[in-house]
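Asker: I'd like to ask you about the structure that follows.
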Amino acid sequence: NSSDLSPSFILASIPGLEAAQSWMAILLCSAYILAVTGNCAVLLVVRLEPSLHTPMYFFLCMLATIDLALATATVPRILSFYWFDSREISFGACLLQMFLIHTLSAIESTVLLAMAVDRYVAICHPLRHAAILTNAATAKVGLLAMARGVLFFLPLPLLLLPLPFCGSRVLSHSFCLHQDVMNLACASTTPSMVYGLTAILLVMGLDAVLICLSYILILKAVLRLAAWRERLKVFSTCIAHICVVLAFYVPLIGLSVVHRFGKDLAPLVHIIMGNIYILVPAVLNPIIYGVRTKQIQRRIL
């Protein structure tokens, strides 16, 4: 019952289904391979196709890089747990993984907002698009997204570092999340809880509101067009981005709801929601843009 300032944590397994974890690992590994292959293909295609050297596709490359980093920061560790029963993760490794997950998610949210702004300028101010969203501006947005993610989420592990941990060390997921680790502390976690909620609202929450605002303005501009065919043609350029936004925010909201209201849910729900949050955007994003972009289709073929 003694507290430990540098504890190790136990990754969550599914009670009663430990024997099936090897099969879950095969599914998880297949999804990871698909995510790596798809995102690497997008990066290679954009690099080799000069016609895709535009801000929208540079943002898509940023998205692919983030998804690769996020999946690689979590899935190999989960697979080592499922296949080799390596359930224990050190305090330092857990904090590092937690920082990477939240920071990369914040960067991805910022890039999705930048892509929404790109669509807004391209549709509502087409004559100014090339002047506003230059390659240099795109690079600055990428650097700003990185700085924003690091500055907002670096305090999360620092606030957990001095807390004592006693009693249960079993996490709710097969990887480390801030709220999950925070709930295991046996001291006041109010500063950590308040800051974590504030950071989420100021980054993901604000980005979601601004993305919705961008699409409201886009929709108003599209509805001003006379012909329905023109409206559909213009709005169809946004469909891929809308699907990518949903693939990111729906699992994020679902995981938040499970953490907030799902204390009585089966452990399987927590684990599945966590894995969906990590892998679904990484798997779906290259598929969505591969289906919607003819240049990417031709290059892949």
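Using N, Cα and C of the backbone, Cβ positions are placed for all residues, glycine too.
What TrEMBL lists as transmembrane segment is 20-45, 57-79, 99-121, 141-165, 193-218, 239-262, 268-291. The annotation domain 'G-protein coupled receptors family 1 profile' is assigned in TrEMBL to 38-289.
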Asker: Mind checking which residues reach the transmembrane segment (141-165)? Cβ under 8 Å, same chain, six or more beyond either end.
Answerer: 3-5, 7, 58-59, 62, 91, 95-96, 98-99, 102-107, 110-111, 114, 178, 181-182, 184-187, 189, 191-192, 195-196, 199, 202-203
Asker: Determine whether the transmembrane segment (99-121) and the transmembrane segment (239-262) share at least three Cβ pairs under 8 Å, counting only pairs 6 or more apart in sequence.
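Answerer: Yes, the transmembrane segment (99-121) contacts the transmembrane segment (239-262).
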Asker: What stretch, picked from 20-45, 57-79, 239-262, has the most CB pairs under 8 A with the transmembrane segment (268-291)?
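Answerer: Looking only at 20-45, 57-79, 239-262, the most contacts with the transmembrane segment (268-291) come from 239-262.
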Asker: Could you give the residue numbers and ranges of same-chain residues that sit at least 6 residues beyond the transmembrane segment (239-262) on either side and whose C-beta is under 8 angstroms from one of its C-beta atoms?
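Answerer: Sequence-remote neighbours of the transmembrane segment (239-262) are 63, 105, 108-109, 112, 115-116, 119, 172, 177, 179-180, 200, 204, 208, 211, 215, 269-270, 273-274, 276-277, 280-281, 284-285, 288-289, 291-293.
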Asker: Mind checking which residues of the chain, 6+ beyond the ends of the transmembrane segment (20-45), have their Cβ under 8 Å from one of its Cβ atoms?
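Answerer: Same-chain contacts beyond the ends: 13-14, 52, 60-61, 64-65, 67-68, 71-72, 75, 78-79, 82-83, 275, 279, 282-283, 285-287, 289-290, 295-296, 299-300.
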